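Take a look at the structure set out below.
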Amino acid sequence: MARRGLDLTADDVVRGLLIVAFLVMLAGAMPGHLSPDSISQLYEGRTGTRETWGPAAYASVLAVFDSVVPGTALYLIGSGFVLFASLLGLRGLRPKASWAAAPVALLFLVSPIILIFQGIVWKDILFANLAVAGFFLLARASVSWPARRPPWIVLAGALLALALAAQVRQNGLIVAPFAGLALAWTVRGEGWRRSLIWGLGSFAAIVVASHLIGVASQPAKAGPDTAGGVGIRILEQYDIIGAVAHDPTLKLTVFNAADPEAQGVIRTRGAPLYTPVRIDYLDADPAVGAVLWRQSDEVVRAQWLDIVLHHPGAYLAHRFDVFRWVFLTPKIDSCLPLFVGVDGPADTLTKLQIAPGKDASDRALYNYGTWFLDGPLFSHLSYAVTAVLVAGALLLRRDRADIAIIALMVAALAFTASFFAISIACDYRYLYFLDLAAMTGLLYLALDPPIAQVRRLLRR
């Protein structure tokens with residue numbers, strides 16, 4: 001009797017590669033890579049305080065896991081599970097799986113974008129994972145909707161994921177309109193009124209749920225959350241100095257009327273320190289920060305508006321340069337492309353009982369990541385092009401699940417575009433959602449490529 005060999009299907013290979021990728025990521029990262037930002041937010045979550053202007057919701061998420069198992073190991077498992085469960089669920093959205101998906105699944109195993117970044121305790125990573133999960137659940141709902149009543153449990157999961165995502169990243173709410181559009185398209189066969197109700201209703205539900213999460217996350221003893229206002233103030237100050245750096249003749253009329261010394265300090269000491277790479281360089285001269293922070297919020301806002309409205313050329317030149325750095329990362333080594341190990345304020349680490357440093361595994365992982373820094377795996381532009389191509393290919397087919405994935409691609413591109421107005425540094429992690437969304441879309445497309453639709457298009 002002949003011995004039967006392995007009979008692996010594309011399903012088996014893709015599923016196996018994704019599971020191995022999840023396990024390898026955890027093995028290389030546990031209990032999590034912790035940067036100073038991570039340490040600060042873990043401390044805030046554990047103590048119920050607010051000492052930074054990071055999102056309170058992210059500190060609360062860390063606190064939930066930390067209360068069960070001290071540290072970030074359980075959080076890391078949960079965050080990674082959200083992503084990989086969504087990736088594994090993509091197969092259920094298609095009637096078959098193509099072998100073309102195997103090399104894409106392999107990419108999730110070998111790429112440092114997954115292998116290293118998924119092991120870092122950053123809000124940017126959780127935001128991306130939750131957003132991908134939210135749109136996956138919308139796709140799942142769209143597939144099952146024709147067969148029965150609205151899949152309320154799946155829709156509730158999508159709403160919760162997207163609402164929480166909007167709270168853990170300051171500009172995360174930008175994904176909500178695209179979720180509403182995807183849902184409106186899903187029910188378009190029931191008439192335009194119901195389509196409009198579902199679209200606007202889902203958008204409103206995400207906004208309201210996100211607000212409630214934000215309120216619930218704010219520590220009672222910390223008082224009202226002022227983090228958003230502080231963040232806007234910092235952005236306005238950076239824009240003012242950036243505009244002056246791009247146009248030395250620009251007159252700060254508002255500052256000159258309120259505090260004549262401010263204009264001189266900004267022009268002679270602030271502008272020379274300016275760089276579109278990151279705002280932090282302005283801290284090199286304490287006098288710059290001192291003269292800015294002694295101004296009232298109203299004065300700073302008025303001066304910023306005056307520049308935007310009356311000197312748009314200088315403002316846009318500054319914003320273009322800053323966006324060029326965060327999107328194209330011309331010198332990626334200046335944009336913190338990798339982080340491993342544990343680092344943070346010594347006193348905070350002591351209070352958390354966490355030892356700083358890097359072990360041999362961390363150093364090996366970092367060295368592995370450096371091999372890819374100058375290639376397409378560390379290029380937001382390459383992921384943006386991928387997202388556009390994925391969305392275009394899926395538009396040719398427009399199956400029910402396709403629309404949610406298209407919405408994910410467009411949401412990621414819109415999220416990226418928002419940094420034209422808000423970026424203050426070129427840190428690679430800021431646009432991590434774009435990279436992860438593009439990889440997710442590519443995997444979905446490869447599972448069942450719209451070959452017939454492409455052939456029909458080429459025959460025209």
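Cβ from N, Cα, C; glycine included.
Annotated features in TrEMBL:
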TRANSMEM  12-30  transmembrane segment
TRANSMEM  72-90  transmembrane segment
TRANSMEM  97-120  transmembrane segment
TRANSMEM  126-143  transmembrane segment
TRANSMEM  150-166  transmembrane segment
TRANSMEM  172-189  transmembrane segment
TRANSMEM  196-216  transmembrane segment
TRANSMEM  377-396  transmembrane segment
TRANSMEM  403-424  transmembrane segment
TRANSMEM  430-447  transmembrane segment
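Within the same chain, residues 15, 18-19, 21-22, 25-26, 29-32, 34, 38, 42, 61-62, 65-66, 108, 118-119, 121, 125-126, 128-130, 132-133, 136-137, 140, 161, 436, 440, 443-444, 447 sit at least 6 positions outside the transmembrane segment (72-90) and bring their C-beta atoms closer than 8 Å to a C-beta of that stretch. Here the transmembrane segment (150-166) sits apart from the transmembrane segment (97-120); fewer than 3 CB pairs are under 8 Å, leaving out pairs fewer than 6 apart in sequence. The list of residues near the transmembrane segment (172-189) in space but at least 6 beyond its ends in sequence, with Cβ under 8 angstroms from a Cβ of it, reads 127, 131, 134-135, 138, 141-142, 145, 158, 162, 165-166, 195-196, 198-203, 206-207, 210, 400, 403-404, 406-408, 410-411, 414-415, 418. For the transmembrane segment (97-120), the list of distant contacts is 9-11, 13-14, 17-18, 20-21, 24-26, 28-30, 32-33, 35, 38, 76, 79-80, 83, 87, 91, 129, 338-340, 365-366, 368-369, 372, 377-378, 429, 432, 435-436, 439, 442-443, 446-449: same-chain residues at least six beyond its ends, Cβ to Cβ under 8 Å.
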